[in-house]
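Reading through the structure tokens given below for one structure.
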Amino acid sequence: MTSSSSWVKTDGETPQDQVFINFRGVELRKNFVSHLEKGLKRKGINAFIDTDEEMGQELSVLLERIEGSRIALAIFSPRYTESKWCLKELAKMKERTEQKELVVIPIFYKVQPVTVKELKGDFGDKFRELVKSTDKKTKKEWKEALQYVPFLTGIVLDEKSDEDEVINIIIRKVKEILNRRSEGPPSKCSALPPQRHQKRHETFWGIELRIKQLEEKLRFGSDETTRTIGVVGMPGIGKTTLATMLYEKWNDRFLRHVLIRDIHEASEEDGLNYLATKFLQGLLKVENANIESVQAAHEAYKDQLLETKVLVILDNVSNKDQVDALLGERNWIKKGSKILITTSDKSLMIQSLVNDTYEVPPLSDKDAIKHFIRYAFDGNEGAAPGPGQGNFPKLSKDFVHYTKGNPLALQMLGKELLGKDESHWGLKLNALDQHHNSPPGQSICKMLQRVWEGSYKALSQKEKDALLDIACFRSQDENYVASLLDSDGPSNILEDLVNKFMINIYAGKVDMHDTLYMLSKELGREATATDRKGRHRLWHHHTIIAVLDKNKGGSNIRSIFLDLSDITRKWCFYRHAFAMMRDLRYLKIYSTHCPQECESDIKLNFPEGLLLPLNEVRYLHWLKFPLKEVPQDFNPGNLVDLKLPYSEIERVWEDNKDAPKLKWVNLNHSKKLNTLAGLGKAQNLQELNLEGCTALKEMHVDMENMKFLVFLNLRGCTSLKSLPEIQLISLKTLILSGCSKFKTFQVISDKLEALYLDGTAIKELPCDIGRLQRLVMLNMKGCKKLKRLPDSLGQLKALEELILSGCSKLNEFPETWGNMSRLEILLLDETAIKDMPKILSVRRLCLNKNEKISRLPDLLNKFSQLQWLHLKYCKNLTHVPQLPPNLQYLNVHGCSSLKTVAKPLVCSIPMKHVNSSFIFTNCNELEQAAKEEIVVYAERKCHLLASALKRCDESCVPEILFCTSFPGCEMPSWFSHDAIGSMVEFELPPHWNHNRLSGIALCVVVSFKNCKSHANLIVKFSCEQNNGEGSSSSITWKVGSLIEQDNQEETVESDHVFIGYTNCLDFIKLVKGQGGPKCAPTKASLEFSVRTGTGGEATLEVLKSGFSFVFEPEENRVPSPRNDDVKGKVKINKTPSANGCFKDQAKGNESPKGQWQTYIENSSTNIPSEAHSSQKTGFNGFNGMYSVCVLYEMYSH
């Protein structure tokens, strides 16, 4: 059949410069395609149109035309899938596109791209009807073509579109592609995005959520809102990937759109004018848009640009000038346009530049593992590490943790590890952890340098120096690091590096990403500079020893960090080993193995003395400094921090030297130090640590010049007797602990917040102590000569903690202190005070080992804030009055005269969830009525805890919520399951677990038989169940512990009862998830044992044991099992509880109205013969001395 196709050709064009148009003729030939053909002809573009589609044009001719074309326009319209011809052409176009011989531009004429790709609606129905008469192979080819071609960058023409404008856009795009193909490969800053058939940008897990968040900020749903969003984040975090994928998703919705990649590098290589030219060419699809003035160019094209909304992506912007060069004054941007700017410098995202900022977060652990596995196992999810695959799962997590969710770092590590065995993975991980100990050139960080190299190169030389210095002081306080860096003048260097994501500041600490830290240390080893100033940072001990031994140190060395734990022998150096290091700023000689370097030998020695003619040193830290003083030629003019712990110095330096920048001095345990005269001119000193300087007898009066001193530590200065009459106007913390000869204290600062006088020889406090209105903590523990406290101490309105433990001669506590409204902690153990102080604000009160107290105040229940009350070994205490409602901890262990307790024991029990522990162990004079009251309280507490837990989130941690203990040998009557001995076995009816179990009350009676021990009392719990099919499942966990350390060994003289309540949430979850027969009874057992603090079995006998299930309140409870449903061999315990609130299961009687509504199950029990597992559950009740353990088993018939 002859062809009647129409051709348009202009002189000078080759037949290859042609466009093939694929369309549905009966629908578009006489309107849209006709207008498009004329437009192409006017621009001199060859176009091929099959004018005889309905007549059956020879297919081979059409396919030849496609093969001879450079561009194909695939125009999808509502009736497109009626034509086999259209689909055959489309399949050929797909083939040529995959061969990269053809560029296809999809045009969606009154259909949406998703309709075409997913064959929706009438469009899809027509296709399915058409392919009924075709073979499977052809159907597959056509369907793949329909799914493939619409995925390319296309143009949408809907009912509201201006047809002429769309045709002009098509023509401009065709011309631009033809020009680009004739010029060869595009430059890296090409304004046009890569075609979709080319390799797609690397993506990562979790990007869909980030795209959604970014879309919300851009407000794509609002046609009238112009939004400019800045995308920021550290290098490698995925900014470019995110921007590219968003562009690919949305560009076909905009008639004008452009993405400019790597603007920083492009502007460096080609200049801003060239960049602006490419930008306008991409946006306007015009040739030779010469840019001499950026603003003039925008004005020249303003009317044309304002015709339609634009989508603009500016990737990797490094300064504002780049944005201004491309966007100008922005008066050419139509409402509804969307602009995205990605950068690694947060400081660029000022309000005038963007509407909002999106900081790309790191990958979650889950997504990071998936991303890492993609590269470490070459995308083979089946090869991903899992159970039974050696140590790969753990190693994978370690690598992910190291990268902290950085996608590019994960990708590079994964590629490095691809195909390697487990031992190689281990070596690589160890290299990452130990990189600073490896010799230069052997570090793995070369592989990761690509993540940061672009951002690092963009830094100024000052910023690079600062970054490499910060790596030396990682995780240090922000103010400290800023002082070291800025000692030569004011600077915002830290803020600048934070904005560029090179460092971060969290909780006041300066830190950086692990991969950058590793790179920084490597660069510090290799760094050089043209000005020949110090740039080298030495870390490896071999290198440092060689430099010192051979006197190779020069002005190129900036810092030395020598770890003495790496050195195995003593070294002797010449006196001028450091003399040539004129630009040395940081010198640290330390030990990671032991901060005190306990070895008696000094490893670095200078037998001829030492020259330190250094002027630039900011930081001098020398553990076990071997000389009597810092050399006279050392200039501390720039010194910020001086640390000489465990040194041989007798004085800091000769005479007073100007040290205007010195803020921190630490000379701790320099036992020969006898004077501080040399520090008289360190007027900006903030902290002075002289702990353990045992030869120091006095402090100089010129310390008063230290106007900024806030911290002074004199702990263990055993020769110090007093302080001079000075005023340190800024001092907040003064430590005189262990100054055993210190007899007289006087106030040297009105701003003190913490004062430590413990272990001193003072007899009294000065009357003007009331001046310390900011004092929060006063510690006078072990001041054995202290006899009285001044009334003025009661004027300390800010005091929160007062420690008087061990002040054995102190027998009075001033009554005038009742108005100390902020005092929370009051420790009076081992004093001679006769009456408990009446300070209602106290939360923790300790009166342990006080033999003068016989009674507590009757108004103790008014101490509403009191939570911890310690009364151990108060041997004359006879009565415990009613306790306050919020008390969580009461310990009267060893109160040998205690006989009675108040009834009720607690004035009211709060309905909120409050853990509590009441310990009455070794109170052998306790009367029976007191024991019964303790039991009644325990029962009520279990009720209220069950009710409170109903209102709690089930995510709370399984734990012991209540425990108590007292001398006795009888099991309380309200425990429904009990037995003689250590094991209780029982059988529960089918569906028993539908009773909304809330917890378990536990009880055990233990015989101690004069046992001595320091063991801890803890409870663990274990459960095992059978699923009815021959297999079983189990859980094991530590329910909780209330452990108190006590170093006093004593004899326990009687049997004791322990009662506890646990929520055992994991057990409840297991019960609810049983997979066994639905109507089978459940057998279970509990086994109690006593363990020592080391976990071993104690030689103690469990006399009796028991428990009760505690269910949720009555109104929410499913009917519980009756007594006759519970099988057992032990007598049924039907003794009613003290308040008569329990339901008799056999008779089904309800609880009396108005009584406690929580239900404690009352049933018979079964004595077991054996146990199948050894899991422990526990509760504390015996002064932290023994471990009572419970073994729980459950299985189904």
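Using N, Cα and C of the backbone, Cβ positions are placed for all residues, glycine too.
It should be emphasised that the depicted structure is a prediction, and the values quoted were computed from it without experimental measurement.
Annotated active site per Swiss-Prot: E89, in sequence order, evidence recorded as sequence analysis. The domain 'TIR' annotation in Swiss-Prot covers 15-178. Per Swiss-Prot, domain 'NB-ARC' is recorded for 210-480, and the stated evidence type is sequence analysis. Residues or ranges marked as repeat 'LRR 1' in Swiss-Prot: 614-636. As annotated by Swiss-Prot, repeat 'LRR 2' applies to 638-659, with the evidence given as sequence analysis. Swiss-Prot lists 694-716 with the feature repeat 'LRR 3'. Positions annotated as repeat 'LRR 4' by Swiss-Prot, on the basis of sequence analysis: 728-749. The repeat 'LRR 5' annotation in Swiss-Prot covers 750-774 and is backed by sequence analysis. Here Swiss-Prot flags 776-796 as repeat 'LRR 6'. According to Swiss-Prot, the feature repeat 'LRR 7' maps to 797-819, an assignment based on sequence analysis. The repeat 'LRR 8' feature in Swiss-Prot is assigned to 820-843; the stated evidence is sequence analysis. The repeat 'LRR 9' annotation in Swiss-Prot covers 845-862, and the record cites sequence analysis as its basis. Annotation comment: Swiss-Prot describes 863-889 as repeat 'LRR 10'.
Same-chain neighbours of the repeat 'LRR 2' (638-659): 480, 483-484, 487-488, 595-597, 602, 615-632, 665-670, 672-682, counting only residues six or more beyond its ends whose CB sits under 8 Å from a CB of the stretch. Across the repeat 'LRR 8' (820-843), the DSSP tally of helix, strand and coil residues reads 0 helix, 3 strand, 21 coil. All protein chains included, E89 (active site) registers 25 other Cβ atoms within 10 Å of its own Cβ.
Residues of the same chain lying 6 or more positions beyond the ends of the repeat 'LRR 7' (797-819) and with a Cβ under 8 Å from any Cβ of it are 753, 758, 773-789, 791, 825-835, 837-840, 846, 852.
Note on the repeat 'LRR 1' (614-636): residues 484, 487, 534, 564, 578, 581-591, 595-597, 602-606, 642-654, 657-659, 661-662, 672, 678 of its chain, located 6 or more positions outside it, place their CB under 8 angstroms from a CB of the stretch. Taken residue by residue with DSSP, the residue listed as 'active site' is part of a helix. Looking at the repeat 'LRR 8' (820-843) alone, the prediction's average pLDDT is 92.
Note on the repeat 'LRR 10' (863-889): DSSP counts are 0 helix, 7 strand, 20 coil. Remark: secondary structure over the repeat 'LRR 2' (638-659) totals 1 helix, 3 strand, 18 coil, with classes taken from DSSP.
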